Number of protein chains: 2
Amino acid sequence: MTIETLLDAVRFNDDGLIAAIAQADGTNEVLMLAWMNRDALRETLETGRVCYWSRSRKGLWRKGETSGQVQHLVEARLDCDGDAVLLLVNQKGVACHTGRRSCFYRAMRPEGFVDTSAPEISQEALYGR
Amino acid sequence: MTIETLLDAVRFNDDGLIAAIAQADGTNEVLMLAWMNRDALRETLETGRVCYWSRSRKGLWRKGETSGQVQHLVEARLDCDGDAVLLLVNQKGVACHTGRRSCFYRAMRPEGFVDTSAPEISQEALYGR
């Protein structure tokens with residue numbers, strides 16, 4: 001069994017991408033959802049460091065390459081129909097560009113959006129701007 | 001604040017869809033990833049019962065309408081850039097059509113795919129076939 005055989009089972013969409021959910025190993029907190037192409041998933045499985053595909057920059061996005069907030073892969077789990085992957089990760093620091101641990105912090109409530117967490121680090125500290 | 005105002009903040013993709021992650025409230029287990037259009041998300045927020053958009057059937061998909069394995073919404077959380085939503089749910093029974101609790105059970109390991117969980121109920125019991 002090679003990584004290519006594993007990758008052959010993945011059903012990438014018409015854009016060559018698969019949705020990837022990053023979940024914190026241990027706490028099970030869902031950190032973010034991003035996208036991977038075959039190269040990104042291969043690199044992630046080979047190196048153990050999570051690499052996504054940036055749809056905006058149209059390039060491989062090694063999580064943390066700018067911010068230092070890297071994700072180390074514990075296990076990747078493909079879903080039943082092969083078009084989504086769950087990444088159990090050890091997240092260094094925070095996953096969200098806003099400085100929050102998780103990107104999913106905007107609770108949709110009758111009174112409007114309510115933040116469920118606060119930034120743990122400033123964007124300036126993350127990105128130097 | 002109305003539900004429509006909340007929905008206006010969602011960035012649906014070119015197909016009018018947003019990725020939705022269902023997570024079990026309490027255990028934080030990630031159950032499945034599916035898609036919602038504006039109508040599905042509105043119905044979910046209004047009724048408290050999770051409704052997706054079936055891309056294969058091209059229609060609203062009230063989770064559990066055939067299998068009985070319904071999802072009750074605890075809270076919906078939009079992500080930082082508005083193109084993915086995390087659904088904290090109470091899952092009745094199992095989320096996966098294979099009878100497993102979670103759709104994410106195919107661990108990608110050097111030796112190949114390894115199932116991380118077993119079915120808890122037969123597909124015959126779920127779908128009567």
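FYI, residue positions are counted from 1 along the chain as it appears here.
Keep in mind that glycine also has a Cβ here, set from the backbone N, Cα and C atoms.
Residues annotated as Mg(2+) binding site in TrEMBL: B:Asp79, B:Asp81, B:Asp83. In the structure as shown, the Cβ atom of B:Asp83 (Mg(2+) binding site) sits within 10 Å of 16 other Cβ atoms.
Marked as Zn(2+) binding site by TrEMBL: B:Cys80, B:Cys96, B:Cys103. Counting only same-chain residues at least 6 apart in sequence, those with a Cβ under 8 Å from the Cβ of B:Cys96 (Zn(2+) binding site) are B:Leu31, B:Met32, B:Ser102, B:Cys103, B:Tyr105.
Look at TrEMBL and you will find B:32-105 tagged as domain 'Phosphoribosyl-AMP cyclohydrolase'.
B:Cys80 (Zn(2+) binding site) carries neither a helix nor a strand DSSP state and counts as coil. In the shown protein chains, 23 other C-beta atoms lie within 10 A of the C-beta of B:Asp79 (Mg(2+) binding site). Listed in sequence order, the same-chain residues six or more apart from B:Cys80 (Zn(2+) binding site) with CB atoms under 8 A from its CB number zero; the list is none.
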